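So that you can see what the record holds, here are the features copied from Swiss-Prot:
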ACT_SITE  Cys165  active site, for beta-ketoacyl synthase activity
ACT_SITE  His304  active site, for beta-ketoacyl synthase activity
ACT_SITE  His341  active site, for beta-ketoacyl synthase activity
DOMAIN    4-411  domain 'Ketosynthase family 3 (KS3)'
Amino acid sequence: MSQNKRVVITGMGALSPIGNDVKTTWENALKGVNGIDKITRIDTEPYSVHLAGELKNFNIEDHIDKKEARRMDRFTQYAIVAAREAVKDAQLDINENTADRIGVWIGSGIGGMETFEIAHKQLMDKGPRRVSPFFVPMLIPDMATGQVSIDLGAKGPNGATVTACATGTNSIGEAFKIVQRGDADAMITGGTEAPITHMAIAGFSASRALSTNDDIETACRPFQEGRDGFVMGEGAGILVIESLESAQARGANIYAEIVGYGTTGDAYHITAPAPEGEGGSRAMQAAMDDAGIEPKDVQYLNAHGTSTPVGDLNEVKAIKNTFGEAAKHLKVSSTKSMTGHLLGATGGIEAIFSALSIKDSKVAPTIHAVTPDPECDLDIVPNEAQDLDITYAMSNSLGFGGHNAVLVFKKFEA
């Protein structure tokens, strides 16, 4: 059996509520910029939820031909824009000689929800003949991968993961394993989501998952007293990851190394996490085992931290159970306090934050930290970014259905 290949991050692309590229998103994260505001895309008057993390000053026609864009749901559009940025950042040349060894693995938690709503109205109002022939290709979650592959010409391993809020992290983890075992030289991977629609807002509201707080400064407050649910966000986070051999051969810039991946199932409940965060704890331990490290080796953890009453507390318990005494010295921040919860895209954005934290020796804060929950007594990097020399960083994603996914990143050393 051949030795596992080392896997490094060489490119990044982002669309988020705090920036339309990686540079802006990261700068605003370090500044503690709040990307949550009143929803403008739909009329929220009938709903109890009125806030979300929308993209700002973003026009898809600046990036994709208008005719082509009309044949894609927003989640696919976002993936293409972020993937192009990541590939450009990596200076990755996809040509007839390399295409077979470059793959795409991008997930979406719910796919084309807006497309479904439009098509359903057409069907009900005007009958089946008015439903677009592009309806199914626009709807299905794997189409982000499909369209990015077509757009960039990448012909290697090609797939999509759908694990709700763990989607982005699971996608990167699966792509990591593909490169690690030598099935591809590079993968374009991450998550994308466009969930700010009538049906998504109504559905998540019905499940009592969303915050009904109309104050943009307190609606999303992970690990704080009085938190009442998550605030939805939209966007995409895409990485180019590749074997160290490939990256060094072409002189690529390396942000960080991916060294561990753990994924588990709760087998407990369709929306609630397992008691004491047992499933998340096992995923964190699996990721550390995969990386060959111990809890004391990790300096920073980008938490799932969605601002739900049960979810935050269970994640804190999981961290304490996994890290033991080392949890007292761990920096743990929830960047969702700034971006909102991007569902399937969140793991991609937070992988970018984790890698840049290592590279820049800075940790983005948990903003809105003014009324700490005494049961969530970790160092959550309150309100202001902190300088921190990081060797290992971890990123958690925990999804409806009991999906738990964790990645471990390492400061790159040749």
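Glycine residues also receive a Cβ, built from the backbone N, Cα and C atoms like all the rest.
Swiss-Prot feature annotations superimposed on the structure.
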residue : record                                           : DSSP class
Cys165  : active site, for beta-ketoacyl synthase activity : helix
His304  : active site, for beta-ketoacyl synthase activity : coil
His341  : active site, for beta-ketoacyl synthase activity : strand
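The Cβ of His341 (active site, for beta-ketoacyl synthase activity) has 30 neighbouring Cβ atoms from other residues within 10 Å, across all protein chains displayed. In this structure, the CA atom of His304 (active site, for beta-ketoacyl synthase activity) is 9 Å away from the CA atom of Cys165 (active site, for beta-ketoacyl synthase activity). Each residue contributes its Cα atom, and for Cys165 (active site, for beta-ketoacyl synthase activity) and His341 (active site, for beta-ketoacyl synthase activity) those atoms are 8 Å apart. Its Cβ taken as reference, Cys165 (active site, for beta-ketoacyl synthase activity) is surrounded by 27 other Cβ atoms within 10 Å in the chains shown. Other C-beta atoms found within 10 angstroms of the C-beta of His304 (active site, for beta-ketoacyl synthase activity) number 33, with every protein chain shown included. Taking the domain 'Ketosynthase family 3 (KS3)' (4-411) as a whole, pLDDT averages 98 in the prediction.
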